[in-house]
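S.K.: Sharing a structure below in structure tokens format, with a few things to ask.
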Amino acid sequence: MANDVYLQVAVDVPLRETFTYCCERPLPTGTRVAVPFGPRRACGIVTGPSAPGGLDPARIRPVLEIFDELPPLPVSFLEMVAFAAAYYHHPYGQTLFTALPTALRQPGNVRLPDRRHWWLTPAGRETPPPAAHRARRAVWQALADEACTLAALRPLAPQASAILKAWLAEGRVASGEPAALSFREGPVLALNGEQQTVLQALAGALAQGFSAWLLHGITGSGKTEVYLQLMARVLAAGQQVLVLIPEINLTPQLIERFAARFPDTPLVTLHSGLSDGERLAGWVDGWQGRAGIVIGTRLAVFTPLPRLGLIVVDEEHDTSFKQQEGLRYHARDLAVWRAHQAAVPVVLGSATPSLESLANVEAGRYRRLRLTQRAHGAARLPEVQLIDMRRKKRTEGLAEESVEALRTAQRAGQMSLVFINRRGYAPVLACTDCGWTSGCPHCSSKLVIHLPERRLRCHHCGWDAPVPGSCPDCGNVDIRPLGEGTQRLEAALTAMLPEARLLRIDRDTTRRKDDWDQLYQRIQAEEVDVLVGTQMLAKGHDFGSLGLVVVLNADSGLYSADFRATERLFALLNQVAGRAGRADTPGRVLIQTQWPDHPLYQALCRHDFDGYARTLAEERQAARFPPYCSQALLRADAPDLKDAMAFLDRLREALEPLAEGIEIVGPAPALMTRLAGRERAQLSFESCSRQRLQHFLSEAVPQVEAAARRASRSLRWSLDVDPQET
Ligand SMILES: Nc1ncnc2c1ncn2[C@@H]1O[C@H](COP(=O)(O)OP(=O)(O)OP(=O)(O)O)[C@@H](O)[C@H]1O
Ligand SMILES: [Zn+2]
């Protein structure tokens, strides 16, 4: 095969390199192929030409098949993959295949959605089928009204495809690409002064290259309305918009709000709940420029968009933007990189921006815009009050005041929400009398109780001590884990408020696809007095008439082993509180707590995010935690904790000489040590310089890989750059 050319091909395997194959003709970079890989047939992506180098040409295997139903993947897409692979120190092939929709990861042809439109020719129009031929008549009638896709005709006649084929042969129909629709915008709201100022600043940045904006607007301040009016300008200019939102916010109501505003603009949604075919279709529509708007969860950040004009990341602080397995990427951070690559503006919106983004504002990398008022004329921020739970009588975790407030609200015909915080629950020991909590003597983390062993452990530095029999500060013997006893809350509420119509919303009651829709309709129809629920209820939903919010178990997020816990708790409670008093009813929020003096609650009562964020930033700076250092976690797990710890211990020793300007902390058992029969530990690398950390990781990873090859087969490891859960 003298005329063969050599190609580099990336395959979905946990190896750093790409592989050399031969082919009868050169293939452009980005071509999808099937190649032999060991004994199997694998999907590969051509990453460039290759030279056989030291390889024996006789042993280089040929490409088996070339898939050309789609053009080669665009260079800009492969560049983003290369960046993500380098930054997260993840194998290139695996990174590439993570970025592709599942359907394109298989070594086979894919079925593309048929987007052709069909219409009647003059001859077809003159010859309507007889009314007795129901199916043919229905298809003819639909086509007489407007050009249709096959997908639109199938519901009218299952045999639509055969009918069209016959008519095409007879010259009665024709088909082709749909005519480009002109841009149309539905009714807009008149912006208030603040919104106008923000829109002007953002609109001024369009078509001016890269810029990054933090839109910091309180709940209900009309951020979404600003996005919509900004998007209108981008879409009117014929460009595409990428909108990233947290998983939990991707509701039919939200999609409908975008779709209704831009009725002629094709919109696709991308998230992990789609079938492979649906996701492929949306991805390809974005890539081929057919979709004007792509709205999706974190995975949508990889969608190729040839005419990208704007990226919006809503609720930029949300943790669901970070992938917690495989390629551990942060979609917000990749979105900013991508905006830079495409030379377009990116808008990060939040009522409670992440400390990372605030630090980027401080450093001059992002510009901040603010919305400080609720957009809806009559809506006011709710009044937030604390209920001191120390030595207070309670029923199933509810204070008498809370029950009374629920009764009053029901009598006044207002809907209430009882919110149970389950976020970040890790049992920290606390004294019910003086408020002492189990802090680590060696670092600024909290010690977590491990009941089976009756030990307290630090998950940052590894400190370990027995559970004390009484409070070390005041001697009280009644010390217990924070955040218990909310299980039977619904039953208790039913007994205490016999007249109220209760609705529980959590993962269990919203498991099926349209469960949430039905529950939402009941809420909208005002068939509910008291909603009981977890985080699912906190986000983005506009319930209109929510008058009262009672928050239980917030304290468990107050003293957690994760240093980000308080930042998250503030964001969550702020969001929950934001559900109250949105329309014309002023809202009231009651937070039950054992620590009414805690700065977090005090700031929440004053609606003082800025003040609290400053306090947190100072704490992080003093402790040299992110965002005031760059961090990466090397995690290891094994059936037995001591094997994982020993692996990391050896690595620590081996990496120490490379670690100039890097602090290596640990190893320590992970927060949730045992998971699925395996025990986990972690080693933390920290540096004040992101670049230095990156450089260190490039040198460290090959050593980790070598050590893992020598270790027992049951040991697994992973690297998490910029971890969100520590
Ligand atoms: N200029 C305006 N005039 C009147 N009503 C407005 C205006 N802008 C937004 N609204 C209304 O105020 C409510 C909140 O607006 P929107 O959802 O855009 O705010 P948001 O900041 O995105 O809210 P969230 O904090 O829930 O994300 C919506 O009901 C919206 O229709
Ligand atoms: Zn510690």
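Cβ coordinates are placed from backbone N, Cα and C, and glycine is handled just like the others.
Computed from a predicted structure; not experimentally measured.
Here's the feature list from TrEMBL:
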- Cys431, Cys434, Cys471, Cys474: Zn(2+) 1 binding site (BINDING)
- Cys440, Cys443, Cys458, Cys461: Zn(2+) 2 binding site (BINDING)
- 204-371: domain 'Helicase ATP-binding' (DOMAIN)
S.K.: Mind giving me a neighbour count for Cys434 (Zn(2+) 1 binding site)? Other Cβ atoms within 10 Å of its Cβ, every protein chain shown.
M.R.: 13
S.K.: Please name which of the binding-site residues listed here, Cys440, Cys458, Cys461, is nearest in space to Cys471 (Zn(2+) 1 binding site), Cα against Cα.
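M.R.: Closest candidate to Cys471 (Zn(2+) 1 binding site), judged by Cα separation, is Cys440.
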S.K.: What is the average pLDDT across the domain 'Helicase ATP-binding' (204-371)?
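M.R.: Per the prediction, mean pLDDT sits at 94 for the domain 'Helicase ATP-binding' (204-371).
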S.K.: By the DSSP assignment reduced to helix, strand and coil, which category contains Cys474 (Zn(2+) 1 binding site)?
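M.R.: In the DSSP reduction, Cys474 (Zn(2+) 1 binding site) maps to coil.
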S.K.: Among Cys431, Cys440, Cys458, Cys461, Cys471, Cys474, the binding-site residues in the record, which have a C-beta under 6 A from ligand 2?
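M.R.: Only Cys440, Cys458, Cys461 meet the Cβ criterion.
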S.K.: Quick check: of the binding-site residues listed here (Cys431, Cys434, Cys474), which one has the Cα closest to that of Cys461 (Zn(2+) 2 binding site)?
M.R.: Cys431
S.K.: If you count other C-beta atoms within 10 angstroms, which of the binding-site residues Cys440, Cys458, Cys461, Cys474 is the most crowded?
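M.R.: That would be Cys458, with the most Cβ atoms nearby.
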S.K.: With the Zn(2+) 1 site defined by Cys431, Cys434, Cys471, Cys474, which remaining residues of that chain have Cβ atoms positioned within 8 Å of the Cβ centroid?
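M.R.: Residues close to the Zn(2+) 1 site, other than Cys431, Cys434, Cys471, Cys474: Thr432, Asp433, Gly435, Trp436, Pro472, Asp473, Gly475, Asn476, Ile479.
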S.K.: Which ones in the same chain are close to Cys431 (Zn(2+) 1 binding site), with CB under 8 Å and 6+ residues apart in sequence?
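M.R.: Counting only residues 6 or more apart in sequence, the Cβ neighbours of Cys431 (Zn(2+) 1 binding site) under 8 Å are Thr437, Cys471, Asp473, Cys474, Asn476, Asp478, Ile479.
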S.K.: Just to verify a number: CA distance, Cys440 (Zn(2+) 2 binding site) to Cys434 (Zn(2+) 1 binding site), in angstrom, no decimals.
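M.R.: Given the Cα positions, Cys440 (Zn(2+) 2 binding site) is 18 Å from Cys434 (Zn(2+) 1 binding site).
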S.K.: So if I draw a 10 Å sphere around the Cβ of Cys471 (Zn(2+) 1 binding site), how many other Cβ atoms end up inside it?
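M.R.: Result for Cys471 (Zn(2+) 1 binding site): 21 neighbouring Cβ atoms inside 10 Å.
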S.K.: In whole Å, how far is Cys434 (Zn(2+) 1 binding site) from Cys458 (Zn(2+) 2 binding site) when you measure between their Cα atoms?
M.R.: 22
